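Per Swiss-Prot, the features are:
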- 7-149: domain 'N-acetyltransferase' (DOMAIN)
- 29, 76, 77, 78, 79, 88, 89, 90, 119, 120, 124, 148: substrate binding site (BINDING)
- 90, 91, 92, 98, 99, 100, 101, 102, 103, 133, 134, 135: acetyl-CoA binding site (BINDING)
């Protein structure tokens, strides 16, 4: 599948703070107030660990972030010190939904996980999103348990 004309899938850039990155992420969940300084600090942390953090975005022809996603690669002792990919923070701007950007994002992050030698990729989702992730090639692999603080 290809992106619509004018759209680009790429790694997150520091300048995306000013290109609607946080606003797009807010479609998914509560983000809170994140200053440019806070964003820069987190971006630099992610950039210092490129084998672990793989933040990606989809931008429109104007360079505005319209979809977000993160692949986090966890190094394990099991599976001969194998790696597991975790897909997180999939969010598509409301005005861009229905264009298969989420599908493109998830399948592209899955490929990034394969390229990073992950033996599997996992993600958590709400029950109403199960059908979407099944279309992306995922299947029910268990139950997510949470302890929030």
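In case you wondered, yes, glycine gets a Cβ from its N, Cα and C as well.
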Problem set entry | Whole-number Å value for how far residue 134 (acetyl-CoA binding site) lies from residue 29 (substrate binding site) (Cα to Cα) | 21
Exercise. DSSP three-state call for residue 134 (acetyl-CoA binding site): helix, strand or coil?
Worked result: helix
For this session: Measure from the CA atom of residue 124 (substrate binding site) to the CA atom of residue 99 (acetyl-CoA binding site) and give the result in Å, rounded to a whole number.
Result: 22
For this session: To the nearest whole angstrom, state the Cα distance for the pair residue 90 (acetyl-CoA binding site) and residue 124 (substrate binding site).
Result: 10
Seminar exercise, completed: When the binding-site residues 77, 90, 92, 101 are compared by other Cβ atoms within 10 Å, fewest goes to 77
Seminar exercise, completed: Its residues classified by DSSP, the domain 'N-acetyltransferase' (7-149) shows 54 helix, 38 strand, 51 coil
Exercise. Looking only at Cβ atoms, how many others are within 10 Å of the one on residue 119 (substrate binding site)?
Worked result: 14
Exercise. Sequence gap of 6 or more, C-beta under 8 Å: which same-chain residues meet both conditions with respect to residue 89 (substrate binding site)?
Worked result: 25, 28, 68, 69, 70
